Amino acid sequence: GCGAGLCCCCCGGERESRTPEELTILGETHEEEDEILPRKDYESLDYDRCINDPYLEILDGMDNKKAQRYEAVKWVLVFAIGVCTGLVGLFVDFFVQLLTQLKFQVVQSSVKECTEKGCLALSLLELLGFNLTFVFLASLLVLIQPVAAGSGIPEIKCYLNGVKVPGVVRLRTVVCKAMGVLFSVAGGLFVGKEGPMIHSGAVVGAGLPQFQSISLRKIQFTFPYFCSDRDKRDFVSAGAAAGVAAAFGAPIGGTLFSLEEGSSFWNQGLTWKVLFCSMAATFTLNFFRSGIQFGSWGSFQLPGLLNFGEFKCSESDKKCHLWTAVDLGFFILMGIVGGLLGATFNCLNKRLAKYRMRNVHPKPKLVRVLESLLVSLTTTVVVFIASMVLGECRQISSSRHSGNDTLSLQDISEDVNSSIKTFFCPNETYNDMATLFFNPQESAILQLFHQDGTFSPVTLSLFFLLYFLLSCWTYGISVPSGLFVPSLLCGAAFGRLVANLLKSYIGLDHIYSGTFALVGAAAFLGGVVRMTISLTVILIESTNEITYGLPIMITLMVAKWTGDFFNKGIYDIHVNLRGVPLLEWETGVEMDKLQASDIMEPNLTYVYPHTRIQSLVSILRTTVHHAFPVVTENRGNEREFMKGNQLISNNIKFKKSSILTRAGEQRKRSQSMKSYPSSELRNMCDEHIATEEPPEKEDLLQQMLERRYTPYPNLYPDQSPSEEWTMEERFRPLTFHGLILRSQLVTLLDRGVCYSESQSSASQPRLSYAEMSEDYPRYPDIHDLDLTLLNPRMIVDVTPYMNPSPFTVSPNTHVSQVFNLFRTMGLRHLPVVNAVGEVVGIITRHNLTHEFLQARLRQHYQTI
């Protein structure tokens, strides 16, 4: 590909010469303040079907029975993806519990002894030993596969939006992710294991239907189905949904997550499969966890990795309600505060991420490991000292039923009571700060939701502050880390604090603290991630309490609006920092002042239906585009153009710009061919220049023979515009016939599909669909091909393999229509074709990103 400088020729956009405005868009000359770090090459997915001859051959062989079998295979695969995702969740959960229990048992017994003997430094060292070892292992796993860092939700969001993020759905990624998150959670970092579950599910979805993996090349299955970006993306959205479902026990929430966060294009049949996949994941996890924990196999008691317990008023207390209409006012205020806190969190984290990209990532990889260890060290020391010094000793409420927060579920209430920590406190009292800090995060959340014993306001405020700052610092270091649980815990502390203040200072005794803790958690999480529909449903499903629908929904909406006033959600911020060309849901209203001709890329690199191998090789080696229009020169139109035909003179304004660039491109191409290191190519060029005769002098009979075989009028495969052409020759209109992808051209060259000048094009060997897609998803690079066996004068007929009917738009289509077509159909290239069928430009994903459109709009106003 191209380097960071040429960073945006990636999505098959044709970009070579750039105006200063474009450079500004690309983030190459940026104001200091909003500096975007260097962009990588991101390609788009080919979601749109290419209906060429090999594809049609498959369709001819398809009857109803085969189609049904194909559909049945899909259902089986979707079920398998769900089950495997559930098992990954089970694996992570089991080992996190194992390691955490081991760590806490050792440290707690040492704290008990040392409180009497006064050797607490020893306990701290033990805790540090465990935590640093675990975090070190997690960082090492991320060094093996850097994509495994973070929560993986931004990457999956990009993938579902139609952008390939390198390495994001590989087997190695899921192994490093699952193992790494296990160690980073057990190592006491403020991270959750829920976010990475979504990524793991997506990888399972991508890998399972292919029955092969690059990491396990030795195992070769011949399974020709589902070898396309279209099927892979559909399975990835099912896997991501299954990940959410397994993490929160929320199958419907998972389905909605896939719809809301990810998918820019969605087909109806997919919804049902995705829901089925999510159900399979939830119940697989539930079955095994219930069996392992309670020994009652087949009784489904533990829905997700994160369980909120049941919110119930006690039977004895008749005045108690979960929430009343009056509380809604407080919930709205909490939503506003949650939005502000979330915006602050995102702002701080963005600053940190930029700092890391500039100062940590360029350095040797060991520096990242050291940063993770530093965070771990700080977190451990803060947790230990806060529990020791800042905690208050509170009375253990001896009578369970005196409180109004009684729980009917026996096991959860026992869990809440057993996780009380009595560190450094006399008998019958417990340390409220240690109870929050010295427990797994899930238990701490349960404490805040269901514990009747109050936490003092001071403790809650301190806990919130410490947790807020430390989790903000932690998100983004190179360990696999989720953001859901730390945000929920932070928010729950905030909600519990509000309930305490209302109870003690305003005297509202009837309020139920658990509800406030839940609403606080929703407000803060909504303020950070800004998800609406799916998050509401996930929280409702996790609490198992449908009456919470309204409060949660209102809180999340208010939090999102408040936060959006200041900045974007945390995942969008990280996507933007990576410079991924993500397409929003829709364009702004003012964008309709622009037309397709304003945003398209007019400098095209094109191929002819019958092109010589040497031309193809030079095009592929000197450009980085991923698709090329297949065109013929329309000589009939040329004369009319000279007469000043109305239709064609409309196109002059597009042509004028494209002629100059075409000549420039030609010059560039011949120079780059000369300077190209490979000797075969240089000889080829010299030969090409020597043997080229003026086409008109060719034998007429030969021309007629050629014309008989070729459905397309162009005869001279080598002829590309040259600098010596006259103006009228340069204005030669290009009739558009279809699009051919780089991967298809490389495959044709790789397999030696061509014919010699003396033969007809019918003698060219045919490739089947399976042969065309055999190398998916890693097609060979043109620079790696051994082309010495091919005669450069041979001709390739690309017409059977090109997409003869891609979606096209006319130059005066408004941007909103272009955008909707592009996004809804999941396109990768959108040719702009004028009224007489000539291609005048191409639109790719980069031409539709928000930054690009903004810059073009500014240009448009300047020209007016």
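Every residue gets a Cβ built from N, Cα and C, even glycine.
Remember, predicted model here, so these are calculated numbers, not experimental data.
Database features (TrEMBL):
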type: TRANSMEM; residues: 75-96; note: transmembrane segment
type: TRANSMEM; residues: 132-153; note: transmembrane segment
type: TRANSMEM; residues: 174-191; note: transmembrane segment
type: TRANSMEM; residues: 235-258; note: transmembrane segment
type: TRANSMEM; residues: 270-288; note: transmembrane segment
type: TRANSMEM; residues: 322-346; note: transmembrane segment
type: TRANSMEM; residues: 366-390; note: transmembrane segment
type: TRANSMEM; residues: 458-477; note: transmembrane segment
type: TRANSMEM; residues: 514-540; note: transmembrane segment
type: DOMAIN; residues: 802-863; note: domain 'CBS'
Can you see whether the transmembrane segment (270-288) and the transmembrane segment (366-390) are touching - at least 3 CB pairs under 8 angstroms, only pairs 6 or more apart in sequence? no
Stretch in 75-96, 132-153, 366-390 most in contact with the transmembrane segment (235-258), if contact is a CB pair under 8 A: 75-96
Per DSSP, what is the residue tally for the domain 'CBS' (802-863) in helix, strand and coil? 28 helix, 15 strand, 19 coil
For the transmembrane segment (366-390) and the transmembrane segment (75-96), decide whether they are in contact, meaning at least 3 CB pairs lie under 8 A, counting pairs 6 or more apart in sequence. no
Express the predicted model's confidence over the domain 'CBS' (802-863) as a mean pLDDT, rounded to an integer. 87
